[in-house]
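Participant: I'd like to ask some things about the structure below.
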């Protein structure tokens, strides 16, 4: 395939780095992607970024902008690299089914084919532990649990399709190796979702109640640990390892009560923690009633309820996952403890701190 017009010329520094240390981060301008770029550079990699728009500047990074579903746009960013990290996705709380399907599934199929066309050897996918979650308790869940037959949302539905496509493309005979990393509850500095949304809800007085008894354990995973898992997967993935065509949970390995975690963020930024309890069953059936009402009036009025049964399940059930497989096969250990991760995150959002 010929070089596309406008393709950046590689610098001498990049040319001095062996192909095994050249990589592309698809979605590299996003929350996880930026952290991944930073750690890869720190470890001596030459890094390309492919994204729909450029979100930051770094003279050591080559940026390629375009449509994930276009091989013509994507190919220049993958040419000459050994490894591709694919972490592009619409935000999980988006409710646009067509967008999720186009980016997470159609776009990923294009990533696979373009990787093969460009001679990429390794494709590391950012998947999600939610691909096995159906709204009921999961305690220390392992990777051999089946995919959810009733995914919690459009995001998860298309992440299942995406992960299946990537793992199914693993072909050691043709020197194309794939694996998928399944984080859960990613948080950290520059997070555009969890902390800002939480603080906005607190400002509106919506964080006074907790669903259930507050004891349900959940995995929240610090972004640096998620990146570490991706890089370990890439560095351990070879034709003679058991990583190929497999998925791996990556967590902080410190399950924490869901409401305790949120409370630590809130109080760290000078907001009150939830004080009152709503029984789980009551919250679930209220959400179910709201969903039914929305369905009934949908021919007349289109509404997007935020209080849904599955979101109640996310807040009120146990869902934490074993990362023993990643420990055994790639030597994974979290780099940052939960206490340090929460502290770093709170300090990074000082601009959201409530003035007392």
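Glycine is no exception: its Cβ is also placed from the backbone N, Cα and C atoms.
Model, not experiment: these values are computed from the prediction.
Straight out of Swiss-Prot:
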| type | residues | note |
| --- | --- | --- |
| MOD_RES | 1 | N-acetylmethionine |
| ACT_SITE | 155 | active site, proton acceptor |
| BINDING | 159 | NAD(+) binding site |
| TRANSMEM | 281-301 | transmembrane segment |
| MOTIF | 353-356 | motif 'Prevents secretion from ER' |
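Are these features on the surface or tucked inside, and what touches them?
Facilitator: Around residue 155 (active site, proton acceptor), the C-beta neighbours below 8 angstroms that are at least 6 residues distant in the chain are 89, 90, 92, 93, 94, 100, 104, 128, 130.
In the structure as shown, the Cβ atom of residue 159 (NAD(+) binding site) sits within 10 Å of 29 other Cβ atoms. Following the DSSP three-state reduction, the secondary structure of residue 159 (NAD(+) binding site) is helix.
Per-residue pLDDT, averaged across the motif 'Prevents secretion from ER' (353-356), gives 88.
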Participant: Same-chain Cβ contacts of the transmembrane segment (281-301) under 8 Å, 6 or more residues past its ends?
Facilitator: 211-212, 307-309, 311-313, 316
Participant: Under an 8 Å Cβ to Cβ limit, what residues of the same chain, 6 or more beyond the ends of the motif 'Prevents secretion from ER' (353-356), are close to it?
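Facilitator: The answer is 269-271.
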